Amino acid sequence: MKLGVNIDHIAVLREARKINDPDPIEALPIVKRAGADQITIHLREDRRHINDFDAKRIIEYSSLPVNMECSIDPDIIDIVAQLKPHRATLVPEKREEVTTEGGLDVIGQYERISDAIEKLKANEIDVSLFIDPDIEIIAACADTGADMVELHTGEYANIYAMLYSNLSKTPHSIKSLELSRKELQEKLSIAIGDLENAAIYAAKSGLLVAAGHGLNYQNVGTIAAMANIIELNIGQSIIARSIWDGLFEAVRKMKEIIDEAGHCH
């Protein structure tokens, strides 16, 4: 199973002081040596972390394929088409959100998404759609001309954190998930089942399947063991771990956990 390392959070740290350090470009050889298969970046409309200068240099200098997350805004699609990353992953975007909150509305935004895909593919860029694990949405994805879907694991990750970490006892507790352990365990089983079923259906529909969002060293094993998922994109937890262990070791450890889980299924 492939690991895409999202390096946005290196730029988040830089932007906290609005200077040029740390530079995300310096992560590229370290991430590669540690065993990652892909670099992932998100060029947001508000440029809150990765900016156009970063994106251009990362795509130019990365010897690993670059997966560029972006919205379906026509101006952004034009920029991505010019930059020519290996892949573009289309994601929903709201300016006020802290991080991407849900999957693309592929059914409601079908025409706009199809237009974006057509433009990107004309520039020889593979396209993935970041979606909730929903069968109807996957059926629509298969018709858009996309090559891949990335299943949104955020709901699974949130339930897992409320069940197996101290999140519920902190200021970041998720109010909608302040439930009994039994209820959380039931919800977790459903979330895992939804992801497994979505991965199976997407693969049968001829789509490649990735997954990501909220994955960390504790919760990644279950997802990495799913047979139809071929790639995981993980960022914040790796960059957070790198503060303590260094970036090389943080990436290496994540890759090791993923590989071990993959051998178990």
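Backbone N, Cα and C define each Cβ position, glycine as well.
According to DSSP, Gly214 (3-amino-2-oxopropyl phosphate binding site) sits in a coil region rather than a helix or strand. Residues or ranges marked as 3-amino-2-oxopropyl phosphate binding site by Swiss-Prot: Asn6, Arg17, Gly214, Gly235, Gln236.
Annotation for Asp8 (1-deoxy-D-xylulose 5-phosphate binding site): same-chain Cβ neighbours under 8 Å, separated by at least 6 residues, are Pro24, Thr40, Ile41, His42, His49, Ile50, Gly235. Marked as 1-deoxy-D-xylulose 5-phosphate binding site by Swiss-Prot: Asp8, His9, Arg44, His49, Thr99.
Swiss-Prot lists His42 (among others) with the feature active site, proton acceptor. For His42 (active site, proton acceptor), the count of additional Cβ atoms within 10 Å of its Cβ stands at 24 [all protein chains shown].
Cβ neighbour count for Glu69 (active site, proton acceptor): 27 (other Cβ atoms within 10 Å of its Cβ, all protein chains included). Residues or ranges marked as active site, proton acceptor in Swiss-Prot: Glu69 (among others).
For Glu150 (site 'Transition state stabilizer'), the Cβ neighbour count at a 10 Å cut-off comes to 30, with all displayed protein chains included. What Swiss-Prot lists as site 'Transition state stabilizer' is Glu150.
Here Swiss-Prot flags His213 as active site, proton donor. Within 10 Å of the C-beta of His213 (active site, proton donor) there are 25 other C-beta atoms, taking all protein chains into account.
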Review point. Looking at the recorded positions Glu69, Glu150, Gln236, which has the shortest Cα distance to His9 (1-deoxy-D-xylulose 5-phosphate binding site)?
Key: Gln236
Review point. Given the binding-site residues Gly214, Gly235, and counting only Cβ atoms in the protein chains shown, which has the most within 10 Å of its Cβ?
Key: Gly235
Exercise for review: Would you list, in sequence order, the recorded positions among Arg44, Glu150, His213 whose CA lies within 10 Å of the CA of Glu69 (active site, proton acceptor)?
Suggested key: Arg44
Practice item. Quick one: pull the CA-CA distance for His213 (active site, proton donor) versus Arg17 (3-amino-2-oxopropyl phosphate binding site), whole Å only. Key: 26
